[in-house]
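Enquirer: What follows is a structure written as structure tokens; I'll ask about it next.
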Amino acid sequence: MNLVLMGLPGAGKGTQAEKIVETYGIPHISTGDMFRAAIKEGTPLGLQAKEYMDRGDLVPDEVTIGIVRERLSKDDCQKGFLLDGFPRTVAQAEALENILAELNRSIDYVIHIQVDKDILMERLTGRRICKNCGATYHLVFNPPAKSGVCDKCGGELYQRADDNEETVANRLEVNIKQTQPLLEFYEKKGYLRHINGQQDIEKVFADIRELLGGLQ
């Protein structure tokens with residue numbers, strides 16, 4: 001099974017990726033992991049990517065696509081893969097189609113974990129961290145016993161700057177704009193399947209399992 005996983009920040013993509021990989025025994029391939037592995041192996045493309053990353057620049061598409069091609073050609077991808085964080089653009093999606101055609105493969109499904117923006121805001125702005133011991137809480141899902149105080153050490157809880165409403169709203173807006181053309185591309189291809197990410201974790205995964213039931 002050849003899968004692409006999509007979802008906005010806070011949609012629970014990471015949790016579902018772990019469950020898919022554990023259940024179906026396919027590799028979880030994220031862009032960051034691919035870059036790190038290529039750099040560690042010292043491949044020509046990995047070294048090129050490192051140069052850009054060391055300068056703080058974006059790695060250009062031709063390098064990223066080359067690394068994806070190398071990764072998908074490895075033995076552990078013969079029975080399938082779960083791509084996460086790639087593609088990010090229609091140009092990358094078209095390049096992925098070409099790579100898979102070279103390998104006589106095709107995408108089975110693009111799984112889009114769908115969550116309303118207001119729920120994503122609640123999930124992403126609710127995090128609180130202890131200034132003293134670093135313990136993490138969530139005002140809705142994992143609140144401290146006493147408001148603003150760490151259960152473990154009594155330290156003060158704070159909200160990280162990038163978890164505030166304005167920053168989170170901007171981050172979501174940027175992601176929505178970037179994601180929309182990609183969703184439309186995969187909708188036209190017939191690969192796209194929406195999964196309701198507003199349910200509890202096990203129900204979300206049950207829906208994914210039902211979708212994947214016919215695939216080997």
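Positions of Cβ are set from backbone N, Cα and C atoms, glycine also.
Just so it is clear, the model here is predicted, and its values are computed rather than measured.
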Enquirer: Which single residue out of Arg127, Arg209 does Swiss-Prot record at the ATP site shared with Gly10, Ala11, Gly12, Lys13, Gly14, Thr15, Thr136, Tyr137, Gln199?
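Expert: Matched candidate out of Arg127, Arg209, per Swiss-Prot for ATP with Gly10, Ala11, Gly12, Lys13, Gly14, Thr15, Thr136, Tyr137, Gln199: Arg127.
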Enquirer: Do you know which of 30-59, 60-89 Swiss-Prot annotates as region 'NMP'?
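Expert: Feature region 'NMP' in Swiss-Prot: residues 30-59.
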Enquirer: Of the binding-site residues Gly10, Thr31, Tyr137, which one has its Cα closest to the Cα of Cys130 (Zn(2+) binding site)?
Expert: Tyr137
Enquirer: Which binding-site residues from the set Asp57, Val59, Cys150 come within 10 angstroms of Tyr137 (ATP binding site), judged by C-alpha positions?
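Expert: So the list is Cys150.
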Enquirer: Quick check: of the binding-site residues listed here (Asp57, Cys133, Arg160), which one has the Cα closest to that of Gly10 (ATP binding site)?
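Expert: Nearest in space to Gly10 (ATP binding site), counting only the binding-site residues, is Arg160.
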Enquirer: Compare the Cα of Arg88 (AMP binding site) against each of the binding-site residues Gly14, Arg127, Cys150, Cys153 and report the nearest.
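Expert: Of all the candidates listed, Gly14 is nearest in space.
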Enquirer: Residue list, the region 'NMP' (30-59) vs rest of chain: Cβ under 8 Å, 6 or more residues beyond ends.
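Expert: Counting only partners 6 or more residues beyond its ends, the region 'NMP' (30-59) has Cβ contacts under 8 Å with 66-68, 70-71, 84-86.
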